[in-house]
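Colleague: Copying in the features that TrEMBL gives for the protein in this structure:
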- 8-60: domain 'Myosin N-terminal SH3-like' (DOMAIN)
- 69-763: domain 'Myosin motor' (DOMAIN)
- GLY163, GLU164, SER165, GLY166, ALA167, GLY168, LYS169, THR170: ATP binding site (BINDING)
- 643-665: region 'Actin-binding' (REGION)
- 1116-1125: compositional bias 'Polar residues' (COMPBIAS)
- 1534-1810: domain 'Dilute' (DOMAIN)
Amino acid sequence: MAASELYTKFARVWIPDPEEVWKSAELLKDYKPGDQVLLLHLEEGKDLEYRLDPKTKELPHLRNPDILVGENDLTALSYLHEPAVLHNLRVRFIDSKLIYTYCGIVLVAINPYEQLPIYGEDIINAYSGQNMGDMDPHIFAVAEEAYKQMARDERNQSIIVSGESGAGKTVSAKYAMRYFATVSGSASEANVEEKVLASNPIMESIGNAKTTRNDNSSRFGKYIEIGFDKRYRIIGANMRTYLLEKSRVVFQAEEERNYHIFYQLCASAKLPEFKMLRLGNADNFHYTKQGGSPVIEGVDDAKEMAHTRQACTLLGISESYQMGIFQILAGILHLGNVGFASRDSDSCTIPPKHEPLIVFCDLMGVDYEEMCHWLCHRKLATATETYIKPISKLQATNARDALAKHIYAKLFNWIVDHVNQALHSAVKQHSFIGVLDIYGFETFEINSFEQFCINYANEKLQQQFNMHVFKLEQEEYMKEQIPWTLIDFYDNQPCINLIESKLGILDLLDEECKMPKGTDDTWAQKLYNTHLNKCALFEKPRLSNKAFIIQHFADKVEYQCEGFLEKNKDTVFEEQIKVLKSSKFKMLPELFQDDEKAISPTSASSSGRTPLTRTPLKPTKGRPGQTAKEHKKTVGHQFRNSLHLLMETLNATTPHYVRCIKPNDFKFPFTFDEKRAVQQLRACGVLETIRISAAGFPSRWTYQEFFSRYRVLMKQKDVLGDRKQTCKNVLEKLILDKDKYQFGKTKIFFRAGQVAYLEKLRADKLRAACIRIQKTIRGWLLRKKYLRMRRAAITVQRYVRGYQARCYATFLRRTKAATTIQKSWRMYVVRRRYKIKRAATIVLQSYLRGYLARNRYFKILREHKAVIIQKWIRGWLAHTRYKRTMHAIIYLQCCFRRMMAKRELKKLKIEARSVERYKKLHIGMENKIMQLQRKVDEQNKDYKCLMEKLTNLEGIYNSETEKLRNDVERLQLSEEEAKTATARVLSLQEEIAKLRKDLEQTRSEKKSIEERADRYKQETEELMSNLKEENTLLKQEKETLNHLIVEQAKEMTETMEKKLVEETKQLELDLNDERLRYQNLLNEFSRLEERYDDLKEELTLMVNVPKPGHRRTDSTHSSNESEYTFSSEIIETEDFPPRTEEPTEKKVPLDMSLFLKLQKRVTELEQEKQLMQDELDRKEEQVLRNKAKEEERPQIRGAELEYESLKRQELESENKKLKNELNELRKALSEKSAPEVTAPGAPAYRVLMEQLTSISEELDVRKEEVLILRSQLVSQKEAIQPKDDKNTMTDSTILLEDVQKMKDKGEIAQAYIGLKETNRSSAMDCHELNEDGELWLVYEGLKQANRLLESQLQSQKRSHENEAEALRGEIQSLKEENNRQQQLLAQNLQLPPEARIEASLQHEITRLTNENLDLMEQLEKQDKTVRKLKKQLKVFAKKIGELEVGQMENISPGQMIDEPIRPVNIPRKEKDFQGMLEYKKEDEQKLVKNLILELKPRGVAVNLIPGLPAYILFMCVRHADYLNDDQKVRSLLTSTINSIKKVLKKRGDDFETVSFWLSNTCRFLHCLKQYSGEEGFMKHNTSRQNEHCLTNFDLAEYRQVLSDLAIQIYQQLVRVLENILQPMIVSGMLEHETIQGVSGVKPTGLRKRTSSIADEGTYTLDSILRQLNSFHSVMCQHGMDPELIKQVVKQMFYIVGAITLNNLLLRKDMCSWSKGMQIRYNVSQLEEWLRDKNLMNSGAKETLEPLIQAAQLLQVKKKTDDDAEAICSMCNALTTAQIVKVLNLYTPVNEFEERVSVSFIRTIQMRLRDRKDSPQLLMDAKHIFPVTFPFNPSSLALETIQIPASLGLGFIARV
């Protein structure tokens, strides 16, 4: 379709306007080719005649349809031109408050001059992992694209941020770096990302300043490379800076400021540490007062100074260095105040004792006289002599300013260097993302050298940008296999050549700087002579000879030549620099080290990249002349080199472009100046991108999108199975000109305007469809009316028409009969005639065809025979002719060859006799000899080079050896430190003794507190008695007031009930919040625990060197050991055999009196044991004291040894007595008889035997204590041996310390063997001291005893502290009560008598009520305890009685005497199972392994009963409880919990595993509650289940541990659900069209589908529902509690709703009426799923309420105030920010829809301003609701549970 055909009536166009740049108008009549004038109607209501250009006859730009206005991507516009771009940006910025817009590969960012809530952590999380085109434009989307492409393509990335000053470049770059820091994290614990962000305030303070356009303008360019490791985590960064504006240090224009750091210093001058700087107000310094605007509104320079110092500290710049920086900066300020007085025209002087110069010299540490001299003089050097020349006042002022600029530049470079060092990482950098924050194109009224360099840099960047855009377009066309036609785009290479080529502007400038008398005027003349009239881009102003004009890509710029040479030279007097280098201030010479070391910019930074571009380039070695030459490198030359390096870096990366636009010059928020915006759009390359795109095929559709959008233009027959072919067929019919579109592999490409034409056709078709619908409805209404009228006439017509029809039917029947007869006869006659003719014809044909066939056969036969004869004759003739010819040819060849050979032979004979041949041969040999000589020379040179390298390597080797020697010395120092550490150990032991003394003091304090408490108690009792007396007096009055109280109580109950309801709701909310906080803390604890385990595993893998003989026992095991367990580990087999192998002698019943005596004896033995332990403690302390004083007091040592030997003998005798008593008890037990006592094996007998076994264990403990004392005696005897045996004792002492560190018998045994081997040659072997190895076992016992006693000491100390704290609390409460009573009495005394009685009565009532409630609580607790104990007592008594009766009935007296029966063979009366499982202690690990670690959830869920592992574990716990084995219970529960954690850590991402163990953990928890014996949990139990309750242990603490574990598993289950559902939600809930044809796809731009990740297939709503069904079925199979399933479903629906709503709020293309319908339909499907699963009461539907209201908001009417009121009342689940965001994003898909007006949105905001809700825009998709586990008892009987063989638990037995 021709473009002119679109200019029809009512078409809208853009016309130029001097004020608004472009103005919209509407055509009043169709345009016809040849028309010179267009009749237009403007939007303000005026008519206009627009005349076309007679030369070009160019028509005005067409306006895009309204549905395309406000698009995310400018390339999605059908008409791509300047007014369309400007209008789209304005609509998004002003109406929708959207500051970001895509323009192909460019992100256009408009500065809002207002803080927007779009950069929070939630927004970062929302953009993380998303495709770039799927979300609304944002700087985070560009950062995510760069980060993703770096990880995917293994290629470095760059983000180029450009724009004018004040456009927001620095802020955009800052947010990009914040995104990388948040998303990637750091690879170490050093928080590198914080350091990267901390570099911003430092660089802003020293490199940013206030200008007329921007309060925080960056006056330098910087390129920050953020480094990443192989896991793409930040490891460091590196910064390069470009063209610092040094002139700002000494001069500022009106309303501008110097760099921020100077004003921050002046604002902080009153700080104590800054007093030495002698600073004051900024108006006191020449360098800070020139602009006349020292304060920025809303900025506190003192606070900014604190932030700068904090950032310096974070980056490792020490306080001393910081003060050094501030000292230099203060010196620069004071230097600016140095004044000069003129002596004459050629000389000047400084006033004597000039205060500013004195302060400057003091701060810089230089000599005052020397600096004063060289500020007024300079040194001139000629070829023969050097002389000092005074300078004028103007020259001295310029020299002072140059020195200040030079110092500041050096300081700036030094700070950047240190920032880079702080950000440098030792880890190898895998890849990086560079962020380039560089100045944009600049043009001012007066443009100088700085603007020239800035615009030169922008020319280079624009060239790179154009090439990249062109390359991407070409790649897109080639990828889609579209014919590629060369697009003409602006190439600014001529402008770059004008600046940087040979004899270019920079080259001529450098040449002029080298001339002795070069000036700006002579340089300008050279420019005119070289380029004027020769280069089209170079012009000369008409009225100036000191300026030139360059035609840049953005605009023409006039540069003033004045100052170019001076700024390019950047000269500083060398004598002033030397004075500064000789400074006593250490940091100042450090700034000028670059001049001495001659380090080039490319090697200045630790990372190997260019951190600075202002540093002079110098070689490391060279001649003096060469160094001087390098010193003369100009600023322009340095800038050109650094710019080339930057371009090389950018070309080696994948660039991403951010173009910042400044909307107005007055910094007004959300104000759009079209003129300024167009200037910047032209300058930043956005319009160039549009032009390149528009030159080809700017509009691109996938085939599916095109089909979905323009399905209405197709007929049913046009729709084929192949979408691609369907689109091709339709387009060929719709657009006849095939050049207007192209078919690619996956997309259709359209030229500009064609999509608008298709949209017009679509709108016309839809309009026609609407008209047809209206027509049909109106016709239906009229037809109903017509039918009513018709029915009235039908009855009459029916009879008449019936008669006529019958007559007509008779006529038809007759006519048909006649016709049939005629037809049959005529057919017969014709057929007969046809058969006769046919027979005659067939006979004639047969004869004729036979004749012709015979003739043809004979002819073919003759021809075939003739051919055979010819073939043989011709072959014979040809063969004979060939033989004759061959013979003749061979003969001729022989003759000719013979003749030629003779000739050649003759020539060779002549040549052999000639001398010339030999000469030729010799010439070749000479050349070869010369070549060989050259090779020998080259080899000699290489040999010399290698010798030089060898000498260098020798020097390096010598330096390395010196370093190694230094390392050896450091190691020796560390060895001495280790020796000092051993001395600290002894001091710690002394502290332990002090702590024991403190314990005794606390005991004495406790006694004193108890005494005071008793006294106070007596006083309070007296006071209470007095109060009781008063109470009796008040009771009479109380009775009289009872009826009044009852009435008041009724009123109070009503009010209290209301308050109670409100308080309960509030308490429920508080409970949920508290539960949520607790579960979050639990989640954090589990995360840290996993992190700790991972670090521990990594540590073990890294170390991988196990220490020999050292093994760490489990902490729970060691802490839970009882006082008997430690001794049982080292007991050897003693005199007593096991009780199951006792001899089968006569067993007689037991006397109960004897049983009681034995119990009494056991208690006595326990007391004796405690005494012996105390004695052992004293002995241990005595041994430690003796070791310290053994050399000083040998005689006292001997006396102590004698005493200890006596003590040992006493203990041995005591042990013998105990053994004898035990044997007597056994004999008495076997001899005595009583008729009423049971036989062996009875419960009483077993209890007694257990008591006897415990006594034997006590005797074993005594034996171990004897061994300990014996070992101590042996060691003390060795200590007093002669000196010649001293070495042996020393070795044994060392071994003793090592043994105390060992933990088990195996380690001690190994150490014992090692000791025997080392001391085998000594005079006294340790083996001789103790032959059976008891000496080493002694140390084990000593260690265990120390541990036990220490734990007892700690527990006793804690108990004492708790008691003291409780007593203090009681004292405090009593004091408070006393004070309250006194206050009450005082108040009552002040009241009148009636009021006093009433008040005292009311107080007494409340007090008695509280006391009554407390007593009732105590009574209930005591009742529960009594009932529980009675129940246990009854159970025990019943069991003992049953067993005694059963034994007496089944065993006769004869059997008891003659045939004794073992206990294991006693028959059981009750044969039913007790619901317990028995296993051996050593099988615990096997049980846990088979039941937890290696269990497959899927098989258990399908084949076995739900919760079977939980039931099995509980039955094992029951058996351990039945045995009263606390160690077994503790060990089993601990192993179970740890094993479940291991399984979840290993397979934590498997939903079935997590669900299975969540249900089993809950079932285990319910079992512990159900069988705990507590009444609250026993209501639903059967009598049999009540018998299975736990009897010995209260596992309430373990219930809490299991509850915490269940919470952790639940949270892990939610995370697994979220990971599975998250990829499906956006696609299924938003993108997929569940209702086909409702939502049309709008035209999309370049960013709709990005290549960031490959498509993994689209998810639909059915995919989500299938996944929900899968989750629900798995949880039901695992037997999860229904209430818990409801909570899981609620959490799932919350995730679905939150993620869907968050994406809706960040995607403009999803906010439409049709998408609202899709969402509501999808939500209804989810609700239907809830109904099918009976989960409507789970609260899941309520979590979708925000999404439902957002969908309704998209569909409701949005025009009037009534609509606003309805929206405010409807959207109560959405926040104000969310409502406004949806209204701003609302986008019509069809022309029939209307946009939401700005006034309507403001009305909504006004109505909602009083609503108090969260300002947060997005929902927290990571929020997890607090989970509860309601008690759900099981009806399953434990004794009926069967253990399947598939579990491999054959080692456990049912009991």
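Keep in mind that glycine also has a Cβ here, set from the backbone N, Cα and C atoms.
Mind running through what each feature is packed against?
Modeller: For GLY163 (ATP binding site), the count of additional Cβ atoms within 10 Å of its Cβ stands at 27 [all protein chains shown].
With a threshold of 8 Å between CB atoms, the same-chain residues lying at least 6 positions outside the region 'Actin-binding' (643-665) that come near it are 89, 93, 103, 105-113, 139, 142, 145-146, 149, 153, 155-169, 172, 176, 213, 223, 240, 242, 434, 436, 440, 456-457, 460-461, 464-465, 468, 602, 610, 671-673, 676-677, 680-681, 684-686.
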Colleague: Cβ within 8 angstroms of the Cβ centroid of GLY163, GLU164, SER165, GLY166, ALA167, GLY168, LYS169, THR170: which residues besides those meet this for the ATP site?
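Modeller: Nearby residues not in the site list: ASN111, ASN214, SER217, SER218, GLY440, CYS660, LYS662.
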Colleague: Far apart in sequence but close in space: which same-chain residues, 6 or more away, have a Cβ under 8 Å from THR170 (ATP binding site)?
Modeller: ASN200, GLU204, ASN208, ASN216, SER218, ASP437
Colleague: If you run through the region 'Actin-binding' (643-665) with DSSP, how many residues end up as helix, strand and coil?
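Modeller: Its residues divide into 9 helix, 8 strand, 6 coil.
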Colleague: Would you pick out, from the binding-site residues GLY166, ALA167, GLY168, LYS169, the residue whose Cβ has the largest number of other Cβ atoms within 10 Å?
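Modeller: Answer by Cβ density within 10 Å: LYS169.
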Colleague: According to DSSP, how is the domain 'Myosin N-terminal SH3-like' (8-60) divided among helix, strand and coil residues?
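Modeller: Helix, strand, coil within the domain 'Myosin N-terminal SH3-like' (8-60): 0 helix, 24 strand, 29 coil.
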Colleague: How many neighbouring Cβ atoms, not counting its own, are there within 10 Å of the Cβ of SER165 (ATP binding site)?
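Modeller: So the number of other Cβ atoms within 10 Å of SER165 (ATP binding site) is 20.
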Colleague: Including all protein chains displayed, how many Cβ atoms other than that of GLU164 (ATP binding site) lie within 10 Å of its Cβ?
Modeller: 25
